[in-house]
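OK, TrEMBL features for this one:
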type    : residues                                                            : note
BINDING : A:Ser69, A:Asn121, A:Glu166, A:Asn173, A:Tyr197, A:Tyr249, A:Val267 : substrate binding site
There are 4 protein chains.
Amino acid sequence: MASPEMKSIRQQLPRWLETSLPCATRGNVASYIPELSKAPHNALGITLLSATGESASAGDCGLRFTMQSISKVFTLILALMDNGEDEVFSKVGMEPTGDNFNSMLKLELVRPGIPFNPMINAGAITVSSLIRGSSPEEKSERILHFFKDLAGNDRLDYDMGVYRSESDTGNLNRSISFFLKENGVLSGDVEEVLDVYFRHCSIVVDCADLARMALVLASNGTDPLTGKQLIPRRYVQIAKTFMTTCGMYNASGEFAIQVGLPAKSGVSGGILTLVPERYGIGVVGPALNDKGNSYAGVHLLQTISRELDWSMF
Amino acid sequence: MASPEMKSIRQQLPRWLETSLPCATRGNVASYIPELSKAPHNALGITLLSATGESASAGDCGLRFTMQSISKVFTLILALMDNGEDEVFSKVGMEPTGDNFNSMLKLELVRPGIPFNPMINAGAITVSSLIRGSSPEEKSERILHFFKDLAGNDRLDYDMGVYRSESDTGNLNRSISFFLKENGVLSGDVEEVLDVYFRHCSIVVDCADLARMALVLASNGTDPLTGKQLIPRRYVQIAKTFMTTCGMYNASGEFAIQVGLPAKSGVSGGILTLVPERYGIGVVGPALNDKGNSYAGVHLLQTISRELDWSMF
Amino acid sequence: MASPEMKSIRQQLPRWLETSLPCATRGNVASYIPELSKAPHNALGITLLSATGESASAGDCGLRFTMQSISKVFTLILALMDNGEDEVFSKVGMEPTGDNFNSMLKLELVRPGIPFNPMINAGAITVSSLIRGSSPEEKSERILHFFKDLAGNDRLDYDMGVYRSESDTGNLNRSISFFLKENGVLSGDVEEVLDVYFRHCSIVVDCADLARMALVLASNGTDPLTGKQLIPRRYVQIAKTFMTTCGMYNASGEFAIQVGLPAKSGVSGGILTLVPERYGIGVVGPALNDKGNSYAGVHLLQTISRELDWSMF
Amino acid sequence: MASPEMKSIRQQLPRWLETSLPCATRGNVASYIPELSKAPHNALGITLLSATGESASAGDCGLRFTMQSISKVFTLILALMDNGEDEVFSKVGMEPTGDNFNSMLKLELVRPGIPFNPMINAGAITVSSLIRGSSPEEKSERILHFFKDLAGNDRLDYDMGVYRSESDTGNLNRSISFFLKENGVLSGDVEEVLDVYFRHCSIVVDCADLARMALVLASNGTDPLTGKQLIPRRYVQIAKTFMTTCGMYNASGEFAIQVGLPAKSGVSGGILTLVPERYGIGVVGPALNDKGNSYAGVHLLQTISRELDWSMF
């Protein structure tokens, strides 16, 4: 039997979603990767999953999309599990940048030239280079396996079209990577590191997958539906902190003010967010605002957070 | 009779403080305002105040110092109370910058040229200009009065030596202000706005004052010791969010990872922080690290937060 | 009797000017100083003056306009005559910036924070502060007197409307000045320095005045029409070098490629240029291109330089 | 029989060189390419070659070194000969930057994101991509052949050790190249373009070779010793203009003030400069100042230019 809050959510969710839908018309589907531009412009979907296993969904929650930057949260966690805090934070900082996610300014302007945080491209590429594995294939395999565990979904896989599209057009990421190599941040072969990076960005999910992965974070690393401890609590804490300060690109500050939940967005229009101890949430809405976040998705989360008084602050 | 946690805190606080003291030798007392350089280099003090009125103190908690940037949290709140969210956020943004607190780069580089957030100098000067009042004197009077209410301390007053020292040497703040005026952000006379700004930076407090002010934030705007609602809850939420994302200058991200509490520091070495619903905390340690935060103060808060598992994340 | 080249110039000048006139429609009259926006959008005038005293004019050569940035060449020379090279170049550099003339980026980003060159606003304000005189009035008087000598025109005077307009709206210059003061570059009272700066920017000239001033530079510091040595040759050399590398704002490189003559432009649409040893030239065309140079004026000079093979390079 | 000036130069050159030698101790031999660091720290050599074929040399004029950035002048000329002005300047601008030669800031900050000029790395790499040829080998072959003609030296060849060293460590140039590709400036394969670029940087010359190449520029494109027209005059003009405004990295402005001759330096310590219509000059001094120019070489040229009053300005 559903909790009273879940009942209320189930009841109101379709209406809230309806209210947010028109926002999509003001946004644009990402086009820098040709494959991404095929996403349905006006889609909007959401799935919430509670620690007791109850869920609520609305809209296009079955839409499948690539994780893109959302994957950065979990590769960071895997890199922390592989290397520990000290090693990881010797290569990547902890500060929001105020710049675009693909900016190179601070790599040139601010010594010692390490990426400011693991949520921007420079930082996430660095993190990808820290994943343990004797080959790009093995690293990618370990990442995919970890993601499958987190999502409780053995069928997670890559969208090879998106992967190739990203790899083919990823010249800015190549530029960033060679700059990182110059600064001594990245070791190993650039194309191999980027292969790992492009692959985990291309893992396909739906809202339910995101909600389940988020629920593990909301539950301090344990999957409440299986009881398995998948992530040490400290690394969940680190991840949730980065999601709060840097998770929504250079609109993270506004999201913290207006929604107040740890979250991570991707240019495919996905958002993974959570209510600590209570809910994992997956959202998708491919039309993006000028900061690269789902226009309607952010609006929807803002509505829900206000209605249910969910801000952490 | 003190709560078990408070008892434990009282018992361990002197030892934790002892451990953090040596950090002070690695920092430097702010010297850009001549008056500030007179502060005792090795001082370190802390006061915690619980919502039930119990307190714990250690070290140089009686040291008196000027609020400096800590005042920005409360002038923001007053500006919100005076003007509402829409008006305030039409003049100042919500994003961390990744730059120094007195940087002007983004004012020139990022349209529309409004300050990124109210915690950096450009933003706080803008906020000062939004305080209601027919003259700089009246605005300053209203601020001081508000601060007295928050600290429950009618004797709060300016350090006129620091005020004059700031005003005399505040050329970078003048430069920022005229740039803001050029960008159409600041209206009114620059020197009058700066007078208000320099004054509230010069209000003298001790750790107990900060702890009491922080306790009001921890209690969602109500002073739990008097029961008086001093701030609307939404504005407390906004303030705590900014303290989390931008409160510790461009080390806010690291502080969130390592301490995980909303906080605001000042170049006099003060830090105001809080445990939601539970404690208001004031810290002082004049020797600063290279980001402008109290070296020993940050170390002490890190120790306490870890020992007591206080991170919000 | 006119020289063959002068005869040819007189003959062809009206046609060349005609060809350049349409460019004006693509430009915009400066509007950031309200007074400047009153200038006639489609005007274009030119005067050439040879070392033997022959002249050629066409178009609106009688139009009167304020010198604006053109004055920077001659205040630099006066500051050099007052202080010597070493003193001047301890306060201002010798490098083109690639940035807008009013940019503050490099003041913040590049140590030791002195202006890159004396042709950008930060540099010219610094130069104004170096003019000898016991008061702003005396400094301004000395500058005006020097300019009268150079133009051989005792009636040179300020446009007080433009002066007041610049002073009233000069917040960006104030911002720059306070930043320079912070960096230890500017001594003395900012408003007093700016008063000197705004005044010399407001000196009114016509094309004949500019041509005569330019002829002194073309003649290595001696006015060939009177035989008087007005500027030491080395300082003329310095001025001509800066005019070549930085005289046309951040289009100086293109002007050097396309015209190849030392030149200095102002936002009133004036351009002062010269053919070494041979001609002083004054041009005016108030409609500016996006770099702040007279659209038609640059086009006209390009035509003449190519037709007569005048590039220094 | 030598001209009187050449006689005088021959007589005084050893003394001037002697005076400049101590400067070398203040500089550092470039170490970013391991192979370059092997150059003799205290070497200083010079060769002047007149349009009548007379020459004067002093010091280590026989030292052989790679052209590095000096080659950029001549690949620009070849690209102009291959493509014309319009095509070349649609891909690369004409403005000095004020930034380091390997800076990427303006590629990100200034639309449309083309390199500011062909003398910085981004611009020179772009120029290399414009050289005609069906393969990197053919392009490189055409460049080498052109350089041989200019130097009148059929034995010019690559230093393959330096070439490989540059290629192995050229991550910053790779980063720049991929950014250029992202911005649509560079077409073709990045590694192929860089191969052409690294190769022409690795061509070995001595002071006499540089002097002869410079003499062709001084003679408006004709080799005065053979009478052969090797470069159209307009392209020489363009090259000399860039050498004046951007040839000495971000010390070009100072060099123009202090020496006043078109010049191009390389990190191997070479400088190619010229006196229009009269002399081609090659200098080498491997110890560099903090802007990347030969410390002693610049000093020597400053002495000669002042003694012989050679500034163009």
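Numbers here mean position along the shown chain, with the first residue as 1.
Just so you know, glycine gets a Cβ as well, placed from its N, Cα and C.
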Considering each pair of residues in A:Ser69, A:Asn121, A:Glu166, A:Asn173, A:Tyr197, A:Tyr249, A:Val267, all listed as binding substrate, report the largest CA to CA distance in Å, no decimals.
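Looking at A:Ser69, A:Asn121, A:Glu166, A:Asn173, A:Tyr197, A:Tyr249, A:Val267 as a set, their Cα atoms extend up to 19 Å apart.
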What three-state class does DSSP give A:Val267 (substrate binding site)?
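Note: A:Val267 (substrate binding site) is coil by DSSP, not helix or strand.
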Name, in the order they occur in the sequence, the residues of the same chain whose CB lies under 8 A from the CB of A:Val267 (substrate binding site) and which sit 6 or more residues away.
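Listed in sequence order, they are A:Ala30, A:Tyr32, A:Ile33, A:Leu36, A:Gln68, A:Ser69, A:Leu288, A:Gly292.
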Can you tell me how many other Cβ atoms are located within 10 Å of the Cβ belonging to A:Asn121 (substrate binding site)?
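Summing over all protein chains shown, A:Asn121 (substrate binding site) has 22 other Cβ atoms within 10 Å.
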Near the Cβ of A:Tyr197 (substrate binding site), how many other Cβ atoms are there if near means within 10 Å?
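By my count, 30.
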